[in-house]
Amino acid sequence: MLTSGLTNAPITKLLLIYTIASSIALSILDIKHLASIHVSPHLWPYAQFWRLATWQLAGFTNSTEALFAAMLAYHLRVVERAWGKRKFATFIISTLPYTSLLPPLLLVLLRPLTLYKLNYLPCGPTATLFALLAQYHAGIPHTFRYRISTSTSTSTSTSTSSANRDTDASGRGEGAQGKHLTLLLSDKSTTYLVAAQLALSQFPGMMLPAAVGWVVGVAWRAEVLPVPSARWRVPAWAVGEKEMGRRGTQGGEGGERYEDLRRRLEGEAVAAAAAASGNAGSASEASGQRQRRREGGIMDRLRAL
């Protein structure tokens, strides 16, 4: 059964609130000009390199982008439920250097290739959201699928027959006097539609962080993303969890229960090994007795001769 709302998704809830609150703060404080990046003049000649670290942490500069970013973050809550809040927070923090530094650096490289037309990088956590979207695409299966069909014909009867032919598995067909197009969609299609709207909101500037975020997410999932330590995790106390014991059990009654189960299994293993060795000893003793009887029978026959 699907869980509604932001239940069991505290990190997603925090991300959603931060996205909206930071966007509102940019408007109230009138500091939108400090959030985005223009290669010229911000990076040079002004050398405002601090923007490389703050452009993604700031909110969005208009309400449309903030709305679609909040909707996308809400749809991505299922990733946190599937992973757990500790792994979810670890992913965001470990990919943050790449999603923050790669888009501005690529913008600097692409600017001369586009005849200095590509000069603007919109602010907002777009790259992080699309890195999470890559995990949503790869790890979350669809719940249901549906088809949307369109048809055109010259008469009502041909329209009816063409609509009936739209339900075949191939999704392609052509009636005697009508044509139709069938789109196969799923419950995840609305999430991709929201993401596409966000990526195209300030074309082409917003496309760059969206593409970089997707590539970073795919690289992280394929384990080709260079990270300082692949085993590093956010501390459990940082996300409200308890530290796991040496044997992977938590303290308290749960730990005692698992410890009792471990001791019982070890006792059963020892008993089974002892029984197996006892059976082997009994079998060897019985074979020795049979050998002695056979030798005794041979000696009796020799004496009789």
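Backbone N, Cα and C atoms are what each Cβ position is placed from, and that goes for glycine too.
Predicted, not measured: the structure shown is a model, and the values here were computed from it.
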Transmembrane segment per Swiss-Prot - which of 90-110, 195-215: 90-110
Swiss-Prot annotation (transmembrane segment) - matching range among 52-72, 220-240: 52-72
Close approaches to the transmembrane segment (52-72) from elsewhere in its chain (Cβ under 8 angstroms; 6 or more beyond its ends): 16, 19-26, 32, 34-37, 96, 99-101, 104, 121-129, 133, 191, 194-195, 197-198, 201-202, 206, 209
